[in-house]
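Trainee: Structure incoming, see below.
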Amino acid sequence: MKLVLVSAVALIDDRGRILLAQRPEGKSLAGLWEFPGGKIEPGESPETALVRELAEELGIVVDPADLTPLTFASHAYDSFHLMMPLFACRRWTGTPTGREGQALDWAEVGALESYPMPPADLPLLPSLRAIL
Ligand SMILES: Nc1nc2c([nH]c(=O)n2[C@@H]2O[C@H](COP(=O)(O)OP(=O)(O)OP(=O)(O)O)[C@@H](O)[C@H]2O)c(=O)[nH]1
């Protein structure tokens with residue numbers, strides 16, 4: 001089973017809402033809402049991968065020092081095993097924008113269940129709720 005390393009973040013605004021991004025048509029798990037992030041490339045740390053992905057996907061600048069480890073997903077998909085650290089981040093520069101055409105939404109913590117998410121993400125929600 002191939003191990004795929006992905007780094008993801010819960011961006012939390014000053015009202016305690018969490019930014020979710022909708023996976024676009026044509027991608028695996030299209031239409032589901034996920035935490036921004038992406039695959040860790042060779043030579044990258046989870047933090048540097050996330051800083052790169054957030055600039056590419058959302059157009060924001062994040063200082064690696066503002067990424068706090070929160071929890072992780074370890075999930076067996078049919079064709080790979082996903083290992084995904086989830087960081088929390090409350091400080092960034094710029095306004096998140098869906099630069100790759102993806103829809104974005106600031107989710108209230110009490111409404112997280114109403115966003116269909118990848119199966120790997122559901123076990124992450126209690127840890128997220130615990131810090132909000
Ligand atoms: N960024 C992100 N990826 C997630 C989450 N949950 C989850 O299962 N994943 C999976 O982690 C992988 C992230 O890949 P990616 O975002 O860098 O690349 P991609 O869309 O091109 O993936 P693809 O090759 O599956 O189409 C995908 O397989 C995605 O389904 C999440 O909350 N955030």
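A Cβ is built for glycine as well, from the same backbone N, Cα and C atoms used for every other residue.
Any TrEMBL annotation is an automated prediction that lacks curation.
Found this in TrEMBL, in case it helps:
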BINDING   R23, E34, F35, P36, G37  8-oxo-dGTP binding site
BINDING   G37, E57  Mg(2+) binding site
DOMAIN    2-130  domain 'Nudix hydrolase'
Trainee: Measuring Cα to Cα, how far is E57 (Mg(2+) binding site) from E34 (8-oxo-dGTP binding site) in Å?
Mentor: 13
Trainee: Average the per-residue pLDDT over the domain 'Nudix hydrolase' (2-130) and send me the rounded value.
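Mentor: Here the predicted model's pLDDT, averaged over the domain 'Nudix hydrolase' (2-130), is 97.
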Trainee: Would you list the DSSP helix, strand and coil counts for the residues of the domain 'Nudix hydrolase' (2-130)?
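Mentor: In the domain 'Nudix hydrolase' (2-130), the DSSP-based counts are 31 helix, 46 strand, 52 coil.
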Trainee: Which residues, sitting 6 or more apart from G37 (8-oxo-dGTP binding site) on the same chain, put a CB under 8 Å from its CB?
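Mentor: Long-range Cβ contacts: V6, S7, A8, V9, A49, L50, E53, L54, M84.
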Trainee: Non-local Cβ contacts of P36 (8-oxo-dGTP binding site) (under 8 Å, 6 or more apart, same chain)?
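Mentor: Expected: A8, V9, L11, L19, A21, E53, L54, E57, L58, P96.
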Trainee: What other residues of this chain sit with their CB within 8 A of the center of the CB atoms of R23, E34, F35, P36, G37, the recorded 8-oxo-dGTP site?
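Mentor: Those within range, site residues removed, are A8, L20, A21, W33, G38.
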Trainee: Taking the residues R23, E34, F35, P36, G37, which the record names as binding 8-oxo-dGTP, find the longest CA to CA distance and state it in Å to the nearest whole number.
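Mentor: The span, Cα to Cα at its widest, is 11 Å.
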Trainee: If you count other C-beta atoms within 10 angstroms, which of the binding-site residues R23, F35, E57 is the most crowded?
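Mentor: Highest number of other Cβ atoms within 10 Å: F35.
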